[in-house]
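The block underneath contains the structure these notes are about, expressed in structure tokens.
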Amino acid sequence: MILGTGSAWDTACVQLADAAQHLGLDDGMHDLLRTPRRSITVSVPLLRDDGQLLVLSGYRVQHNLARGPAKGGLRYHPACDLDEVKALAMWMTWKCALMGIPYGGAKGGIAVEPGLLSRQERERMTRRYAAELVPLIGPDKDIPAPDVGTDEQTMAWIMDTYSTHTGHTAPGVVTGKPLSIGGSAGRAGATSRGVQLAAFAALRELGRDPRETTVAVQGFGKVGALAAQYLHDAGCRLVAVSDVKGGIHNRAGLNPSALIRHLARGADTVVGYPGTDTITNTELLELNVDMLVPAALEGVINIGNADRVRAPLIVEGANGPVTAEADHVLTGKGTVIVPDILANGGGVAVSYFEWVQDIQAYFWTEDQVNDRLRALMQRSYQEVSALARERRVSLRTAAHIIGVARVAEAHRTRGLYP
Ligand SMILES: NC(=O)c1ccc[n+]([C@@H]2O[C@H](COP(=O)([O-])OP(=O)(O)OC[C@H]3O[C@@H](n4cnc5c(N)ncnc54)[C@H](O)[C@@H]3O)[C@@H](O)[C@H]2O)c1
């Protein structure tokens with residue numbers, strides 16, 4: 001195992017190097033797979049409501065296009081930079097390949113705190129960013145989706161901006177759209193449903209009863225809140241959740257639907273919810289629980305806290321929540337980690353279903369979407385688990401071996417131009 005500095009890009013490169021070594025890839029192929037195909041930085045000038053001009057930086061990285069159009073989310077976060085977007089785009093490449101979806105990997109972002117902008121400012125910023133990307137995105141080229149700090153409405157603005165520029169309505173340019181403009185039934189909960197399915201597959205393998213499983217979820221956002229809800233509905237005891245402002249804990253159990261309603265009524269954090277103790281995000285990660293679901297940002301479990309993480313099972317709702325060094329420490333002490341590219345692959349799976357429905361202009365029921373999602377998650381989990389057993393490697397290494405091998409195979413088959 002080669003250890004790195006702990007950044008998301010570094011972690012992604014260590015994971016690729018590990019898979020490349022297992023696969024016996026030559027240096028040239030390894031370089032080809034590491035290097036992003038296209039990395040774009042765009043200036044996003046935003047006229048604030050008060051007349052002030054703010055110039056933001058936007059990014060889009062198309063990491064690999066060997067297996068199909070680029071696919072990946074769009075993040076609005078102050079810490080977003082090109083290296084982070086490159087790492088997230090690389091993970092999308094392996095995730096799509098692992099899930100058996102005919103896409104390459106991409107990611108985008110704007111370095112901004114969206115909570116500080118008005119709705120009108122967010123709309124202007126999104127439309128300007130989308131306009132800069134018009135030549136590069138499209139249903140056959142690159143298909144953005146929601147990620148941290150973006151949502152269905154963001155996708156609607158991108159779809160409208162792109163459609164206006166090209167002169168025709170193009171629902172397939174983004175996924176995670178509202179249903180009224182070509183979104184898919186089941187997309188909003190898809191990532192979280194996938195997390196629950198992956199978690200249950202892992203519990204089954206470990207011989208654990210979900211009804212005797214306590215869970216802590218870091219990040220009560222789009223992925224974390226519904227993952228908490230589905231795990232709770234399926235019988236687990238949710239004992240702690242958190243958001244950027246802090247966490248709450250109740251050993252007797254939390255009710256995620258009540259918490260979701262609490263936030264929908266206007267509360268801006270889970271902290272202070274009646275009947276709970278306040279804890280920090282650091283404390284949440286170190287709780288004595290059976291399952292930990294990090295569903296916020298990358299690098300939260302790192303060399304500084306890995307030895308204090310007690311959960312024997314980690315299911316990665318977030319992308320890259322465990323750094324390469326922390327992974328080494330955790331696997332060394334026997335922690336089972338269901339890796340991001342498998343655990344949260346339900347999101348891109350249903351994004352793919354949405355795109356297929358948009359292209360065919362023929363829409364499925366929520367049951368059809370959920371059945372297909374379940375089949376895809378089960379197939380992917382079984383492939384990863386079987387390879388992990390066969391090669392005596394971690395689920396993460398097995399998942400990367402499968403994803404990387406499929407992309408390398410696509411490169412070999414297509415050959416190199418010119
Ligand atoms: N949205 C999707 O469909 C999707 C799919 C696959 C993976 N992911 C990944 O899941 C993670 C969460 O994405 P999301 O779409 O739910 O984002 P989101 O913006 O809806 O929610 C993020 C949550 O994390 C919290 N948070 C932010 N910074 C934090 C910090 N420093 N400590 C603790 N909590 C913090 C926020 O308060 C919020 O509750 C990201 O890693 C994302 O890349 C998302």
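Cβ coordinates are placed from backbone N, Cα and C, and glycine is handled just like the others.
What TrEMBL records for this protein:
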BINDING   LYS71, LYS95, SER351  substrate binding site
ACT_SITE  LYS107  active site, proton donor
SITE      ASP147  site 'Important for catalysis'
BINDING   THR191  NAD(+) binding site
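Sequence features annotated in TrEMBL and their locations in the structure.
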residue	record	Cβ contacts under 8 Å, 6 or more apart
LYS71	substrate binding site	MET92, CYS96, ILE101, TYR103, GLY104, GLY105, ALA106, ASP142, ILE143, ALA145, VAL348, SER351, TYR352
LYS95	substrate binding site	GLY105, ASP340, ILE341, LEU342, ASN344, GLY345, VAL348, GLY403
LYS107	active site, proton donor	ARG60, VAL61, HIS63, GLY72, GLY73, LEU74, ARG75, VAL85, LYS86, LEU88, ALA89, MET92, ASP147
THR191	NAD(+) binding site	LYS222, VAL223, LEU226, ALA227, GLY317, ASN344, GLY346, GLY347
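Ligand 1 lies within reach of none of the recorded positions LYS71, LYS95, LYS107, SER351, judged by a C-beta closer than 6 angstroms to any of its atoms. Ranking the recorded positions ASP147, SER351 by how many other Cβ atoms lie within 10 angstroms of each Cβ puts ASP147 at the bottom.
Within 8 Å of the centroid defined by the CB atoms of LYS71, LYS95, SER351, the record's substrate site, lie the Cβ atoms of GLY72, MET92, CYS96, MET99, ILE101, TYR103, GLY105, ALA145, GLY345, GLY347, VAL348, ALA349, TYR352, excluding the listed residues themselves. Mapped onto three states, the DSSP output places LYS71 (substrate binding site) in strand. Residues LYS71, LYS95, SER351 are the ones the record ties to substrate, and the longest Cα gap between any two of them is 13 Å.
DSSP assigns LYS95 (substrate binding site) to a helical segment in the three-state reduction.
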